Each structure stands twice: as structure tokens, then as C-alpha cells.
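Novice: Per TrEMBL, the features are:
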type	residues	note
TRANSMEM	66-91	transmembrane segment
DOMAIN	102-240	domain 'Lipase maturation factor 1/2 N-terminal'
TRANSMEM	103-121	transmembrane segment
TRANSMEM	142-161	transmembrane segment
TRANSMEM	199-223	transmembrane segment
TRANSMEM	235-254	transmembrane segment
TRANSMEM	283-305	transmembrane segment
TRANSMEM	317-338	transmembrane segment
DOMAIN	365-505	domain 'Lipase maturation factor 1/2 C-terminal'
TRANSMEM	550-572	transmembrane segment
Amino acid sequence: MSGYPRQIYGQLAFICFGLYGENGVLPARTQLENKGRSLASSLQTKPTLLWLAPYIGLDTEYMMDVLALMGMFTSQKFCTVPILFGLWSLYYSLYQVGQTFMWYQWDILLLEAGALCILVAPLRYQVQSRRRPLPPSPSDPVSFWLVRWLLFRLMFASGVVKLTSGCPTWWGLTALSVHFESQCLPTPLAWYAHHLPEWFLKLCTAHASIMEVGLPILFFFPNRFVRRMYYASQFINFLVHFLVLYASVVLFNIRWTPNNTLDLNIAFTKQEFDWALSKALPAVIYVGLSSLTIHILKAVMLSVLEPQTTFAKVTTLLSTVFYSAAAMFIFGISIVPFSTLHPVGNTTVIPAMREWHSRLDHLHLTNSYGLFRRMTGVGGRPEVIIVGSNNMEGPWKEYNFLYKPSNVNNTPPFVAPHQPRLDWQMWFAALGTYHQNPWLMSLTYRLLTGQKEVLNLLDTARNPFPVKPPKYIKANLYHYHYTPWSQRWAGGSWWTREEVREYFPIYSRDHAPLLDYLRNLKILPEKGTAVPSSKVNFVVKSVLDNLRLFVSHVEASILLWSIFMAGCVIIATKSTSQPSRK
């Protein structure tokens, strides 16, 4: 439970200056203007631990480093309620000032999952041995049920929105023929997957719909009860697999063609799917409510029957009632975003739950999900290419990013679990206009001024202007395509590209409209004024600067994999050091 948060905080710790520093793309200070308010008032307006920075001798950007490092080291400790609440608070504090670079579904998913971990975790750490494992609490199944409910909503909603969006690629089962080329940050494996046979990619697209829409309801299947009946378990297992296979053949019209290949297409209409969803959505909500109620009743019974003493019975029962009430409340407010999948879902929402969800929405305890609602890049993968020059007539030299496609000869990188948020956001920017992405104007200005913190987010080894920044910068929109199989194996490039249009016009460092625009966004100070400087503790600043300098010599994904592998070694070492059962 601790390895993944450690990587999340690890990658956040050293992007703060480039994205959120005083000279970053979107300075965090713009989100923390207290205007003379008290600390309590500021925390109420925007709850974040960053308000504490002046009280410990730090400014906002160094405080962000401190919070990220605290999360990185704290996640190595025991998984208890106080530790996990602290981790959630740290991540939420950074999320509050993350702006567009932290407005992704996995950020709110981490917040929701983190909140559930607080309910799942024990209140205090207890030493556990293999000879005497700790007994489970009667409320544990109730808490873990919420995790299953989150997984169900994530999977089911992601499958449903693909079809309710009316996207032709999902309905035509051609989405994966586009996805591997147009995904945010493709890897070398994506190039090979893109060239798989068309019938196989269509089959995989159909499989994705089945796995996301049809099968998540099995999360609530009474597995433990069925396992107790061995022969019934075998029969039901066979029956479920048979029904899934039969439904797949019927719903997707899977057939063998005279050309000895598979062909398939969706055998139902959009109207039929809408009707089925209008019936299924209330049904799955009631199934979820029934399942949770059964778990709560079983937990209450065990709380009364299992403890040996009266005191233990009372304390266990009170604990179970608390966790059961919390689970029922979280389930109730989660229905509000979940019901938006279809208009009929509004009838399942209690008005009081809608009001409570509105009050707590800023905490992201429950959220709506829907991954890859529409497939982008059907006519080619759009990419924004930023170029600079010292003459308006050219020549224009291209800025290279670390991870996103740019040079057609560059091998697509493996970056997971690292999250290069600037490269990722460039993918979203290419889907719209620069008017819809005001942060791009800030990035442009930072490049025009040669801001080192921002340049470090790009490929500095191939900086086209290593000595002095260019006088002018503009951007063009390109469409990228994977090269054919034969060309790649002949030693050619990974991509081909063609210029589509100008993305944003030429800007210079002293371009008045650009400067006024950035002042309106409070990224630059008002004309004739300067950003008030904050006194930073010299010792802490020196430690953080040296730590940043040390880590900057290691590529981010390699650093995170190193941390992950070190964590695995520690866990394995602890496991082998435990006493045996003999």
C-alpha cells in the first residue's frame, strides 16, 4: 500500500519549480493570495497546508517540495489511519494549487482511493507474526466493500461513456486501431500493437466493452458463499464463462468469414443501448445498496457474537456502527455523480444526498469517471510543435520535449510510473486551441526569457538555443502517423508527420498583448511592481537545493523505478526475516 504513494510523491517533489515556482509555468502563489486574512480564514477558503509556509520560514514553492518529500518518506511507514490521513492531506494540499496540471481523473481517483484507505486501515499499528496473525475486525468487509464499489464505478462508467458519447470509433469497433497511435504518451510496444490485424483489434475493442460494462457487476457476486459449495462453484464458474462467451457472440455479431478471418460489429442500436442503460443503472444501484446492507448486517451480527467480554462486545459494536454509517454515507453521496450516466439516474438520488455531495464536492471523496469517452486522433495524432528563431523570417528551430513525440526518428520512451505532466498536458493542448490553454502563453514567455526551471522540463541536451533564448517563438500543429511496418523494419523512422496549420502566432519577449495577458492571469506582476519576496530559511533552502541538484542528474522514470525496486527489496527482506510456522 505504500510503494505507489511513494512514487507519486517522488515525482511531485522535483517538478515544483518548473511548473509551480515563482518563475514556473503556473506559479502556485497565484492560488494563495490571502489579502490579509487570518490563517483560519485562508484554510477555510482553500484548505491546503501550504498556508503554513510563512510560519516555518519557507515560501510556497519550497513548501511544495517539503510536502512532497514528507509524503514520500511518510508512505514508507506503517499503514494506519493517522499515516494515511496525513498522506491524503499532503496530496490534497498539492492538488489545491496544481491547477490544470493536476486536473486529471487519476488525481481525483487517488484522492478518493486515499480517503477509502483511511477507512480500511487499522487505527494503530500492531505487530503481526505468522504464528499469530491479527484477527480481522467485523467491520473490515464493510470498509473493503467501498473499494469494490469504487472499482465498479470506475470500470462501469468508463465503459458506458464510450457508447453514450456516440463516438463512431467505439460503435464501429475501430477505436484500438486509432488508440495506440493517438494515446497520450505512446511506447515502442504501441507501434507494434497498432500494426496488429484489424480483426484482432476489433475483437479487443469488443472485449474492452464487455469487461467494462458487462463484467464489473460480478464484483458483488457472493464468491465466498459459492466457494463453500465446491460442486456448485465449478458449475457456476462454467455457467458464467459460457454466458459471457454467448453474450459476446450475440451482441457483437462475431462470425467467421469465407476469407478465414473473424468479423464482428455491434448488433444493437444506440436507442437499444440507451433503453438498456435506463433499466440497468437503477438496478445496479439497488444491487449495490442490497450488497452493502447485507455486509453491514453480517458485520453487526459478528460484532455481537464474536467478542468474549461485554466490554469488547460494546466497543466492537460501536466501531462497526461507525464504519457502517460512514460506508452508507459514502455510498449515498457517490450515487450523485454515478447517476449522471443516464437521466433516469436522477430518480435514484435522495435530495439530502445531493446536498451533502455538493457540500463535500471540493474534497473529492466521490467522483464521476469516464476514461476515453471519445477517441481522438482519427485523422492523425495532433501534436503542437514549438519553434524559435532570432529572425521572423527564420530559420525556425524546434524545441524538443523529453517524452512526447516530436522528432520522427526518436524512439517512443517508456515513462510509467513517472507522470511527465507538461508533456501530458501538451497532448491535451493539441486537441484544442491555445485560447483554451492559457498556460501555453506562460510557457512561451518562459522560453523567451530562457527560464532555467522551465527549460529543465524539456530536453536540455537538444536545446536549440543553449546560449541565449530566441527573440521569437511560434507553434505549429502537426499530424503524426506511425510509419508502415516495412519502412520501420528497413531501419526507417518511427513516425511520419505533416504540418496542418499554425497553432499560435509569433510572440516576442516584449510583446505587449502577451505581457498584459500574463499580468491578468497574475503570472507576472503588475507593471512597475515586483512580486513580494518571501524570506526562506537558509538551511532548509540549501538542503532542498542540493537535493534537487542531486536528483536532477537521474532521469525521472529511472529514479522512480529505482525507488520502487528498493521498496520491493525491503518488503521481500522483511518477509524472509519473519519466523516460520514450524
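Including glycine, each Cβ sits where the backbone N, Cα and C put it.
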Novice: Quickly jot the same-chain residues contacting the transmembrane segment (235-254) by Cβ under 8 Å, restricted to those at least six beyond its ends, or write none.
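Specialist: The answer is 173, 203, 206-207, 210, 214-215, 218, 226, 262-268.
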Novice: Which of 66-91, 142-161, 199-223, 283-305, 317-338 shares the most C-beta pairs under 8 angstroms with the transmembrane segment (103-121)?
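Specialist: Result: 66-91.
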Novice: Apart from its near flanks, which chain residues at least 6 from the ends of the transmembrane segment (283-305) lie with a Cβ under 8 angstroms of it?
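Specialist: Residues 138-139, 141-142, 145, 149, 152, 156, 217, 220, 313, 316-317, 319-321, 323-324, 327-328, 331, 335, 338-339, 345, 348.
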Novice: Could you pull out which residues elsewhere in the chain have a CB under 8 Å from any CB of the transmembrane segment (317-338), counting only those six or more residues past its ends?
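Specialist: Distant contacts of the transmembrane segment (317-338): 116, 119, 137-139, 142-143, 145-146, 149, 153, 157, 285, 288-289, 292, 296, 299-300, 302-304, 345, 348-350, 353-354, 356-357, 360, 365-368.
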Novice: On the 0 to 100 pLDDT scale, where does the domain 'Lipase maturation factor 1/2 C-terminal' (365-505) sit on average?
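Specialist: Here the predicted model's pLDDT, averaged over the domain 'Lipase maturation factor 1/2 C-terminal' (365-505), is 93.
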Novice: If you run through the domain 'Lipase maturation factor 1/2 C-terminal' (365-505) with DSSP, how many residues end up as helix, strand and coil?
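Specialist: Output for the domain 'Lipase maturation factor 1/2 C-terminal' (365-505) reads 35 helix, 35 strand, 71 coil.
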Novice: Under the DSSP assignment, what numbers of helix, strand and coil residues are found in the domain 'Lipase maturation factor 1/2 N-terminal' (102-240)?
Specialist: 100 helix, 0 strand, 39 coil
